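Colleague: Take a look at this one; I'll ask things after.
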Amino acid sequence: MTYCPSATVPFYKMQGSGNDFVVIDNRTLKLPREAMSEWASKICPRAFGVGADGLIFLENAPEGSELDFVWHFYNADGSRAEMCGNGSRCAARLGHELGFGSRTLVFGTDAGPIHAEVSESLDIVKVELTPPLDLALNAELDVDGQKISVHFVNTGVPHAVTIWDDVASLDVVKLGRALRNHPHFAPAGTNVNFIEIKDKNHILIRTYERGVEGETYACGTGNAASALIAHELGLVDAEVELTTSGNEILNISIEKDTVFLQGKAIKTYKGEMYLEALGITPGEEMRQCAHEL
Ligand SMILES: N[C@H](CCC[C@H](N)C(=O)O)C(=O)O
């Protein structure tokens, strides 16, 4: 399979509430799936790479499918994830702009089809998440010698949710890492959300993200998981505004067992990346073509 006939590869940089992604149109690149994890682990590091929380490839959907396109999503550490709420909003916007579909589109992820609505101004996107799974309340877990009540739900990817009086004072990386790796969530691990209920329609949230292995400015599926758990506990209504650690707002609406996530999806950059500088060994075809440039 010939892919990328150049030493550089065009890409888009996007962010959804500060959760940022490199997005590549794989219709021309045709990078095989087995190479994608290494590309993510080389492109996502800040400073030595382009810098992003995740890497997204957009591709044509199989002939005859109801999907407008399909994606491949990888975390910064190269792990493949079933879904990404903020990434899905960015992918929907770019997918529309690249001609995969109209402002109302549906695309394929490992978690299932995602229906998206892109605003006329293109910068607000609403997605319908996959049906929540495995909701479990009040697991009392021992974390570094302290007992923490932990709730769980899968909103496309696994999320632990903990409720606090003052999330600003928490050591999110220390606590997040301990819960992300807690045996209770083995073997897949989990993302970890720390929430503070302000009132029936407002939550403050911070998230430690699996696969980024750090706190991110926002986590879309984590916001959905947190709103779902708080609603299940009777602490918030079905319409919730969450203020993320990047000080942006994500809106979650819960309609029976369907969860919608809405927020900004911003295109910040369009450029070319130098593969050799990223430590990505171009395939034979790439090297030969690059030589021709
Ligand atoms: N790190 C997550 C995937 C990305 C989720 C997050 N960025 C979102 O917006 O939902 C995981 O490995 O489960």
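Each Cβ is built from the backbone N, Cα and C atoms, and glycine gets one as well.
OK, TrEMBL features for this one:
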- Asn19, Asn75, Gly85, Asn86, Asn191, Glu209, Arg210, Gly220, Thr221: substrate binding site (BINDING)
- Cys84: active site (ACT_SITE)
- Cys84: active site, proton donor (ACT_SITE)
- Cys219: active site, proton acceptor (ACT_SITE)
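Surface or core, plus neighbours and distances: that's what I need for these features.
Modeller: Around Thr221 (substrate binding site), the same-chain residues six or more apart in sequence whose CB sits under 8 Å from its CB are Met83, Cys84, Gly85, Leu129, Thr155, Gly156, Val157, His159, Asn191, Leu261, listed in sequence order. For the recorded site, Thr221 (substrate binding site), the DSSP three-state label reads helix.
A sphere of 10 angstroms centred on the C-beta of Cys84 (active site) encloses 30 other C-beta atoms.
Secondary structure at Cys84 (active site), taken from DSSP and collapsed to helix, strand or coil, is coil.
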Colleague: Go through Asn19, Asn191, the listed binding-site residues, and name the one with the sparsest Cβ surroundings, counting other Cβ atoms within 10 Å.
Modeller: Asn191
Colleague: Let me check the 10 A CB neighbour count of Gly85 (substrate binding site). How many other CB atoms are there?
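Modeller: Its Cβ has 28 other Cβ atoms within 10 Å.
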